[in-house]
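Visitor: Attaching a single structure in structure tokens format; questions to follow.
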Amino acid sequence: MLKREMNIADYDAELWQAMEQEKVRQEEHIELIASENYTSPRVMQAQGSQLTNKYAEGYPGKRYYGGCEYVDVVEQLAIDRAKELFGADYANVQPHSGSQANFAVYTALLQPGDTVLGMNLAQGGHLTHGSPVNFSGKLYNIVPYGIDESGKIDYDEMAKLAKEHKPKMIIGGFSAYSGVVDWAKMREIADSIGAYLFVDMAHVAGLIAAGVYPNPVPHAHVVTTTTHKTLAGPRGGLILAKGGDEELYKKLNSAVFPSAQGGPLMHVIAGKAVALKEAMEPEFKVYQQQVAKNAKAMVEVFLNRGYKVVSGGTENHLFLLDLVDKNLTGKEADAALGRANITVNKNSVPNDPKSPFVTSGIRIGSPAVTRRGFKEAEVKELAGWMCDVLDNINDEATIERVKVKVLDICARFPVYA
């Protein structure tokens, strides 16, 4: 018999210590990694539920195991909410991650060796959009498109490459691009050569749900997203589509199960259902609007302090600092800011002379810090502290002074009050 009073602290002190230290780290560090966020206690309650015990291979009403009547309700809630939130008529909530959702789309729509047009990783794309180290770059013939001198997506180049290479699929979406994507233009280019348009909206899904960023669902044949990042749910993936192509929907379902995955994680799907409901609340829209405002406010400070921002600004939740002119590497900046309890990630910038393991830039995002309650005044102050560190990257006294300020503001704006 399992007793409800069983706990990790009494049973596994070593593991519990690491968990507690991570809890403290999240409270005492300012999180600026663009792909990270804080999920709600309600989501964590779902993820820690007895739903974790249930195997449920298949889909609601079509399971391979018995005893699925209640997990069917859970999954259907998540499906219905995803469709409502993003204006889709198809949703698959089973992918364990965004990468696995993307893998399922490739599997459903392509054959190995097919040509795919995807955004260059070095210019803002994602590993799963054709990087040679990823399955996408190994299994398919990838033709990369990029950005122009202003830092915006070069649609003329995209159209030219599409006409020349005749890809079977064009991928929209990014991991480090601060502009607004013209989904309609991308669909126009795809239609001109009879290609699929697949959009990975993982980074901006929360902004899209709140109407702060254009929705690709009406334009793309298929859309994927993660359920964390700006959506602030559990770590997982989601596939969406619109247009009533039932054959496509069957292919997508089969590509997730049984092709890519076995049993779905029902406790995570419950967490997704909670997060999707939270994203329908009025306060979620206010939050996402503030995410965008905060990113713009931070950019203003960096520009005024003489730092180069790729594309000169941001139209979403993230931006890149190009540190080439400062003779700093992204690795150095990441480490110095980390010592001041400010977490960012090193990131390649356009025409980066450094390797991806060193880089010449850092990526900064506002979703997590906004979740704490920071508004323009706080993020401007924060950006100023970051400039102080980067201006004096080898001065431990400066870094320590900033760390004290960070600890103070973190105490005033806790993640979980």
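Note that Cβ sites are derived from N, Cα and C of the backbone, with glycine treated the same way.
Got these off Swiss-Prot a minute ago, pasting:
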BINDING   LEU121, GLY125, HIS126, LEU127, SER355, PRO356, PHE357  (6S)-5,6,7,8-tetrahydrofolate binding site
SITE      HIS228  site 'Plays an important role in substrate specificity'
MOD_RES   LYS229  N6-(pyridoxal phosphate)lysine
Visitor: How long is the line from the C-alpha of SER355 ((6S)-5,6,7,8-tetrahydrofolate binding site) to the C-alpha of LYS229 (N6-(pyridoxal phosphate)lysine), rounded to the nearest angstrom?
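Guide: One finds 26 Å between the Cα atoms of these residues.
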Visitor: So, three-state DSSP: helix, strand or coil for HIS126 ((6S)-5,6,7,8-tetrahydrofolate binding site)?
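Guide: In the DSSP reduction, HIS126 ((6S)-5,6,7,8-tetrahydrofolate binding site) maps to coil.
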Visitor: If I take the alpha carbons of GLY125 ((6S)-5,6,7,8-tetrahydrofolate binding site) and the residue listed as 'N6-(pyridoxal phosphate)lysine', what is the distance between them in whole Å?
Guide: 16
Visitor: Rounded to the nearest angstrom, how far is the Cα of LEU127 ((6S)-5,6,7,8-tetrahydrofolate binding site) from the Cα of HIS228 (site 'Plays an important role in substrate specificity')?
Guide: 18
Visitor: Here are the binding-site residues: LEU121, LEU127. Which has the lowest count of other Cβ atoms within 10 Å?
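Guide: Checked LEU121, LEU127; of these binding-site residues, fewest Cβ neighbours within 10 Å: LEU127.
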Visitor: Which site among GLY125, HIS126, LYS229 has the most other CB atoms no more than 10 Å from its CB, taking these as recorded positions?
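Guide: Selected residue: LYS229.
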Visitor: Is it possible to get the count of other C-beta atoms within 10 angstroms of the C-beta of SER355 ((6S)-5,6,7,8-tetrahydrofolate binding site)?
Guide: 11
Visitor: Other than its own, how many Cβ atoms are within 10 Å of the Cβ belonging to PRO356 ((6S)-5,6,7,8-tetrahydrofolate binding site)?
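Guide: That number is 14.
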Visitor: Neighbour count first, Cβ atoms within 10 Å, every protein chain included; then name which of HIS228, PHE357 tops the list of recorded positions.
Guide: HIS228
Visitor: May I ask which of the binding-site residues LEU121, HIS126, LEU127, PRO356, PHE357 is closest to LYS229 (N6-(pyridoxal phosphate)lysine) if we compare their C-alpha atoms?
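Guide: Given the candidates LEU121, HIS126, LEU127, PRO356, PHE357, the nearest one is HIS126.
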Visitor: DSSP secondary structure for PHE357 ((6S)-5,6,7,8-tetrahydrofolate binding site), reduced to helix/strand/coil, please.
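Guide: DSSP call for PHE357 ((6S)-5,6,7,8-tetrahydrofolate binding site): coil, neither helix nor strand.
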